[in-house]
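Lifted from Swiss-Prot, the feature list:
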{"type": "DOMAIN", "residues": "25-86", "note": "domain 'Pre-SET'"}
{"type": "BINDING", "residues": "Cys27, Cys29, Cys33, Cys39", "note": "Zn(2+) 1 binding site"}
{"type": "BINDING", "residues": "Cys27, Cys41, Cys65, Cys69", "note": "Zn(2+) 2 binding site"}
{"type": "BINDING", "residues": "Cys33, Cys65, Cys71, Cys78", "note": "Zn(2+) 3 binding site"}
{"type": "DOMAIN", "residues": "89-213", "note": "domain 'SET'"}
{"type": "BINDING", "residues": "Lys101, Gly102, Phe103, Asp141, Tyr143, Arg170, Asn173, His174", "note": "S-adenosyl-L-methionine binding site"}
{"type": "BINDING", "residues": "Cys176, Cys225, Cys227, Cys232", "note": "Zn(2+) 4 binding site"}
{"type": "DOMAIN", "residues": "221-237", "note": "domain 'Post-SET'"}
Amino acid sequence: MNYEKIDSTIPGPGISETDWNDVFEGCNCEAECSSAAGCSCLINKIDNYTVDGKINKSSELLIECSDQCACILLPTSCRNRVVQCGPQKKLEIFSTCEMAKGFGVRAGEQIAAGEFVCEYAGECIGEQEVERRCREFRGDDNYTLTLKEFFGGKPVKTFVDPRLRGNIGRFLNHSCEPNCEIILARLGRMIPAAGIFAKRDIVRGEELCYDYGHSAIEGENRKLCLCKSEKCRKYLPMSATPIE
């Protein structure tokens, strides 16, 4: 576990200062930030979160309020700030006692469906840096998370690597039947953050997992999946190239 701990994703090699500082214009809310109040950060005219902080999956583009917003001066906490506030639930790193699986994360208390677990935080890096690190750490576990989106019909990829700098999110294991999922959130800037939310109610002591995605690897290079769920696909999802 030799890495630098950070609270949220930071810019790394391959990400220009201009791209990282491409921020949204903030809202001018003087009261609660909600769709009913006309908060400009809620561009879908739908609240991103319920009053008790659960994710509203009807929101197609999740933009949280930020330091550019007038609501930062409000005496009460803005309802449209969840991912940026970090984990609010007790999370525990533990040894899974399986050498191939290593460490994992479990719930230290009950987590309700839709509640925020943690961000998958690391360095936001460029494609060339992804490929360079893949060569440098060849044979080691690959921590890089590829966030895939489409804008104007064109694919856009964001790479988050917590190998050197990261948070507890780097320890969440894969499951073919996960209790968590990744939802992209924009925390005042165009570059998204990876928020991990509970897909269903989770009991204390239960391991937290999300689905790493579909595999593009066939044959001998595949690794066995150890999730032990009834829907197990037998092999871990793996990309054919570092930037997929």
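From the backbone N, Cα and C atoms, a Cβ is placed for every residue, glycine too.
Features per Swiss-Prot, on structure.
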| residue | record | Cβ within 10 Å |
| --- | --- | --- |
| Cys27 | Zn(2+) 1 binding site | 23 |
| Cys39 | Zn(2+) 1 binding site | 25 |
| Cys69 | Zn(2+) 2 binding site | 24 |
| Cys71 | Zn(2+) 3 binding site | 23 |
| Cys78 | Zn(2+) 3 binding site | 23 |
| Gly102 | S-adenosyl-L-methionine binding site | 13 |
| Asp141 | S-adenosyl-L-methionine binding site | 8 |
| Tyr143 | S-adenosyl-L-methionine binding site | 19 |
| Cys176 | Zn(2+) 4 binding site | 19 |
| Cys225 | Zn(2+) 4 binding site | 21 |
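Cβ neighbour count for Phe103 (S-adenosyl-L-methionine binding site): 13 (other Cβ atoms within 10 Å of its Cβ, all protein chains included). Counted with DSSP, the domain 'Pre-SET' (25-86) comes out as 7 helix, 3 strand, 52 coil.
Over the domain 'Pre-SET' (25-86) the predicted model carries a mean pLDDT of 92. Long-range contacts of the domain 'Post-SET' (221-237) within its own chain (CB-CB distance under 8 A, at least 6 residues past either end) are made by residues 98, 100-101, 173-177, 209, 211-215. When the CA atoms are compared, no binding-site residues among the candidates Lys101, Phe103, Cys227, Cys232 lie within 10 A of Cys27 (Zn(2+) 1 binding site). Considering only the binding-site residues Cys78, Lys101, Gly102, the residue whose Cα is spatially closest to the Cα of Cys232 (Zn(2+) 4 binding site) is Lys101.
Secondary structure at Arg170 (S-adenosyl-L-methionine binding site), taken from DSSP and collapsed to helix, strand or coil, is helix. Sequence-distant neighbours of Cys29 (Zn(2+) 1 binding site): residues of the same chain at least 6 apart with a C-beta under 8 Å from its C-beta are Ala37, Cys39, Cys65, Cys69, Ala70, Cys71, Leu74, Cys78. Listed in sequence order, Cys27, Cys39, Cys41, Leu42, Cys65, Cys69, Cys71, Cys78, Arg79, Asn80 are the same-chain residues six or more apart from Cys33 (Zn(2+) 1 binding site) with CB atoms under 8 A from its CB.
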